[in-house]
């Protein structure tokens, strides 16, 4: 039976990002109707971690909004990592905090963070069409820094931004050059506050994207993330094909600013597809 890895996200700092990423409701340029707060209370994050472990998940990603890591964010994430690891839950801790240099990433590694998530999002050629406040090259360098720091790299992208198939191939080729241990696959969902006017991908096209990702990243853990609920709706037959086509990890529960599936029901559905829950990240 195929094993599936479960991961969950905690949006530990939300909103008021000065970047203008056209796909993100956390950008202050778009005025999305989202919750905004500076830092989530440590006790709340610990409760989330314990609940996640009870569900059988292995990965826990701590996400902060904003362009990059700074001293305050570094100290906050390090404090959370130490507190979670003290609980001995056996969770694989991932930080996702934007652009970061080598010294910052080494600091997080020493504090107990295991991996760093920084998505390329799309191709180098298409990126300027969805963001003008930082470059694709900056993203790529941060990914390289994570590897140099001895962290696991989690890096992927978004499909359905009006990019071409050539853009998809270019992004996947760039990701392959980084050899990430995990590649999140997101599907863009249209939102009236966002400037991207793109229709939601069909389930068939989304599955083609997964097949393409598997071709370029045969050894990466392919993790279906944002957009799964909308693209596949209640079409169990099509959703089950995700795992036949190469997906072997799932984001459980809510995303940064959008609702996901109810975790317990989602796990029941995954088990009905003949999948088993992985018990180790290795």
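Just so you know, glycine gets a Cβ as well, placed from its N, Cα and C.
Record check, Swiss-Prot: [2Fe-2S] cluster site residues include 61, 96, 154, and the candidate from 221, 228 also listed there is 221.
For residue 61 ([2Fe-2S] cluster binding site), the number of other Cβ atoms no farther than 10 Å from its own Cβ, over all displayed protein chains, is 23. Same-chain neighbours of the [2Fe-2S] cluster site beyond 61, 96, 154, 221, judged by a C-beta within 8 angstroms of the site's C-beta center, are, in sequence order, 7, 59, 94, 115, 116, 117, 182, 184, 223. Computed over the domain 'Radical SAM core' (1-228), the whole-number mean pLDDT of the model equals 92. For residue 221 ([2Fe-2S] cluster binding site) paired with residue 21 ([4Fe-4S] cluster binding site), the C-alpha to C-alpha distance reads 26 Å.
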